[in-house]
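To keep things clear, I will list the structure first and then write my remarks on it.
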There are 2 protein chains.
Amino acid sequence: MSRPKKNGYRPRRGKTKPKPKSTLPTVSVIPLGGVGEVGKNMLVIEYGDDIIVIDSGVKFPGEELLGIDLVIPDITYLVQNADKVRGIFLTHGHEDHIGGLPFTLKQIQVPVYGTRLTLGLVKNKLTEHGLIRDAKLHEITADDVVNVGAFQVEFFRVNHSIPDGIGIAVRTPAGLIVHSGDFKLDQTPVDDKVLEFSKLARYGDEGVMLFICDSTNVERPGYTPSERTVGDTFRSVFAKTDSRIIIATFASNVHRIQQVIDTAAEFNRKVAVVGRSMVTVVDVSQQLGYLNIPKGMLIEAEEIDRLPDNQVTIITTGSQGEPMAALTRMATNNHRQVAIRQGDTVIISATPIPGNEKLVSRTIDNLFRIGADVVYKEVANVHVSGHAAQQEIKLMLNFLRPKYVIPFHGEYRHQATFAKLGQTMGIPDEHILRVNIGERYEMNEEMVQMTGTVEAGSVMVDGIGVGDVGNIVLRDRHHLAQDGVVIAVVTIDKENGNVLAGPDLVSRGFVFVREAGDMLGEAKSRVKDALTGRNTGTTEWSVLKNLIRDTLNEFFYQKTKRRPIVLPIIMEI
Amino acid sequence: MSRPKKNGYRPRRGKTKPKPKSTLPTVSVIPLGGVGEVGKNMLVIEYGDDIIVIDSGVKFPGEELLGIDLVIPDITYLVQNADKVRGIFLTHGHEDHIGGLPFTLKQIQVPVYGTRLTLGLVKNKLTEHGLIRDAKLHEITADDVVNVGAFQVEFFRVNHSIPDGIGIAVRTPAGLIVHSGDFKLDQTPVDDKVLEFSKLARYGDEGVMLFICDSTNVERPGYTPSERTVGDTFRSVFAKTDSRIIIATFASNVHRIQQVIDTAAEFNRKVAVVGRSMVTVVDVSQQLGYLNIPKGMLIEAEEIDRLPDNQVTIITTGSQGEPMAALTRMATNNHRQVAIRQGDTVIISATPIPGNEKLVSRTIDNLFRIGADVVYKEVANVHVSGHAAQQEIKLMLNFLRPKYVIPFHGEYRHQATFAKLGQTMGIPDEHILRVNIGERYEMNEEMVQMTGTVEAGSVMVDGIGVGDVGNIVLRDRHHLAQDGVVIAVVTIDKENGNVLAGPDLVSRGFVFVREAGDMLGEAKSRVKDALTGRNTGTTEWSVLKNLIRDTLNEFFYQKTKRRPIVLPIIMEI
């Protein structure tokens, strides 16, 4: 598999004398999630009787998925091939990479490989789901090599917004596949662990057939700033206030938490940790050695009031304005332990995830109304991304010189923009694969091409129901949300179809009944008239139902220009 | 009212010898919308028997206002004082300033004052609502002076993202009030009409008691770039493609449209105008002389295919990804006249309005999938704001040197940030009023202070219903949207309460019935058992209903962890 060393980027081309197609070993790569979307990352690599999976994530539903709690990949293909699956390899501990694991492990029992912090977070999750006893968790380091079936799996350390993130290199019978994981290139990382260039250089020399690359920030020119720049902002804020300082950020951003602790130590402040997931992550990270907290630095939330304001730092969840999160409650005086007071300084150390803009905005508003000094992304450098921008992606491409690339972890626009970027570096457009969920890409030593599809897609989780809410239910929820529902009930004599009781009308979400009493009364008369006017004697439900539905649809639209769901119900006795 | 000239900013202080309070004339300022929010701008100025109103806007509902089409200010106060209202003065033709006019004029018949383009757009709107015949529209220019009741009203030209925008200066018996309108300071505006500094300087010298100032961009340091910078981007895009160019922008951004036309002319392309509101605005603007279109430049959409690609420009609506707008349809091959093709260049010359991010993202994705080259705000300077950034606001404050300021056209965070900015210029914090909708601020020659409130708030428009959807209906819609509805119908004998038919269960938006057939069957049995187990003979509806509701709520929550709305209906015969 080794290739001659080259200077600068030159995409690896096919051999000059290809073997006949049929004799070349063929490896399949099948994304089950994380392409054409940001979220629920999951990728399948298959050869003969061996399958490995990279990541098992969830996606948080947009507002259009009414009432849905989580979205996970459809893993029918893995269930059908359960006996082949040799292991799931996790790149890092974010929800969009590990959050689907409980749902996956309920369906297929397979070993799970991850670094220490990643598995620490996984263990919590599996314990909550009652799955920890049967889980086969294998802790790896970036220097390990794991042989599973036909695959040799290696790892390389990357920088990201959570520690202990790795990329994965898979040696397959058809060539080397490299998966970047979620990465950025931080030249001055908080934990001093820079992305492992040397391994990348080695893979590049060896020859990379397929590179699966984080494309989330491919639209951004330049480099993503170092996490340390946020620490500089913290220091400048700490330097100029004697009030309490409250910092909200993503619970999983352990580097950010470390910087809060370091800054607090520098300014002789203690730190209280508030919010369920923040407490969990700080616990796990500290136990496993990913957080370095001076003795006596942490205080309980109950102790805050015993300290002078200028010795208090509070680190909390709620940076996304989530209604139940700690900061949101503190800002509305609904938190058990902490209420934001006039004069407090609140740092929202995060960017709103698309869709959360209004919630965050509302929290900022509430904080200002209390009289807090709010420091947020519009007015200060309080957050940096964890994903590589264009220059970092280019560097990665030059290190690896892959023959084919799959832009991962992005919408279609990111895939398309990645293709443009790749072309400027001499990668042919058709070698940058804009892949869709469920497509099977077959790779041999010569080429990668799409050869078919497998059953795949999204499964919605609502309450404890997995997959019992589909498009019809969602369509009804949308319809109900727009215009509400009107139910019309009639009891008829099953012998002759005479109306014995009703019609009764009940509505919800349609119109304010006190204001619209007359209209509903009139609607009732219309239905009554329609039922009287019909050919008597019919007991054909569908005829009666259509009659009622049509009468009410027409009447309500004429009166209100709205179209509630009309549900006629016929009772027979 | 005249004040000595001063160098630099010095806030105007009260006189040294105040007259006794009771003898000072008092003017009230009451915002009915546009404070603590961006949208539905409306401000009342009142003295004795005279009221004038500045703007009458709408707000587009966020997704949380399920099914609502528009939100307008509650104008009860104006209706109660209809005989006092002398006129509505419009600052410019954007929907959040004129969109509420039809609803207002249906309730109070008053003269409307506006510049030519503003009234041109108003006329269209009133015609649609069948109100044009009775409307009393008065066209003004920035140089007019209008005396209404106790007020002398003057105007000054401002720059904004629509032509013909003005600010308003109102001389009142208690001093001078200046309202900025929506403004930016464009030193090189497309129509060469720079904001009228000289008038501002004059007002400053005269002495401004109260300044009502656009605060939308107060978080942004520096200056908002000139509209012309977008024209530069257009030119660079036009220069490098021979394909068709499609540009989506806000229909009301006539300067932007002018720049498209100018660039098209420069590159020997024709322009087709597509999308209802775009056609309307181009028509009105051209008729009134706000668009300068060379003869033969405009083509019909039908003619596009007769021209070579490199002679085609299409300007269209849909920059917000609105499902029914032209670009959205073109991108999904659902437009009657135009379909985007591989190789087309599409410029999205706009920023997503908060809440529209996902819709815009979806449209960009669709365009990329077709193979179009998409130019959007993440990758090029295709849009600039129409609102003043910090330096422009400071300049305005230095010109006017107001004693009191109301930051307008902003959320609370903008009001609070404005106060910080004002303080850096020596305006006392308590002179920057963070006002709420419905608060009455009384102003005399000495001071401005809050003295009470009037009836005010939001009125929701749904279909043709104005105000018939309130919080209860919205709460039900949210509940329906989250978990759907289950209806349980029972027919009972009114003599003895025996169940004659049912229970029947019907659900919508709760659970996929094919998957959950068993559960619904079991639910039915549970209700039947509960009804059988009750003390027979009760015909008390509320007892029966509660029994059914409790039984089903408990059962469904246990089975699904969801809480659909359960609607028991009892029929008696």
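Just so you know, glycine gets a Cβ as well, placed from its N, Cα and C.
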Query = Which of A:His409, A:His414, A:His431, A:His478 shares the Zn(2+) site with A:His92, A:His94, A:Asp96, A:His97, A:His160, A:Asp182 per TrEMBL?
reply = A:His409
Query = Which of A:Asp429, A:Asp462, A:Asp468 does TrEMBL put in the same Ca(2+) site as A:Gly67, A:Asp69?
reply = A:Asp462
Note = Cα-Cα, A:His387 (active site, proton acceptor) versus A:Asp214 (active site, proton donor), nearest Å, comes out at 7
Task = Among all chains shown, work out which of the active-site residues A:Asp214, A:His387 has the most CB atoms within 10 A of its CB.
result = A:Asp214
Inquiry  = On the three-state reduction of DSSP, what should I expect for A:His387 (active site, proton acceptor)?
reply    = coil
